[in-house]
Amino acid sequence: SHHNSNDIDRRIYRRYRLFALLLMVLEWTRPGLSSPLRPICDLRVLDHFIKEAWDAEAALRACKDACSIATNFTVPLTRVDFDVWEAMNIEEQAQEVQSGIHVLNEAISSLQASNQTDVLQSHIDASINNIASIRQVLRSLSIPEYVPPTSDGEDKEMQKVSSISELFQVHINFLRGKVRLLLANAPVCHQGVS
């Protein structure tokens, strides 16, 4: 079964490549390090973070009452109107994604002080680290950084949710939707051979 061992080798190689990419991303999220050297156009890095977000959401669903918290979270809207999205330029798309990541980060960070169980705490910490890593991936693709809105007006792309489990569902859907679209269409990944 020579053919099979080749497949397995290829799978292991792919997994190592992904692992190497993730290590690079994690390395850049250390404080004081400048932005990455080369663009990360491999969407499997994002898939890894989506999988971790699923794991966190599943853990939260499992602990229902123990993890409930009396508060509203501001989160980004996750539905994508493709006509509207396609009509936006990369700066507008970037701003929508960066503000979404910003409010998700604020909402998830607010849970750090809420005295959750160790398991949950570890999911919360992992989610915050993942958001930092996603920001680094965006930076590697020369996607414009987050710019706080100038007006005091409520951002139309935001909504409120009242449970931690909903918060993490939004986190998953935002990564699967707008973040993925932005990464997949990053101009730097489509410049032919760089």
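Positions of Cβ are set from backbone N, Cα and C atoms, glycine also.
For CYS67, the disulfide partner recorded in TrEMBL among CYS41, CYS63 is CYS63. Rounded to the nearest whole angstrom, the C-alpha distance between CYS67 (disulfide bond) and CYS41 (disulfide bond) is 36. When the Cα atoms are compared, CYS41 (disulfide bond) and CYS63 (disulfide bond) turn out to be 36 Å apart. The disulfide-bonded residues listed here are CYS63, CYS67; among them, CYS67 has the most other Cβ atoms within 10 Å of its own Cβ.
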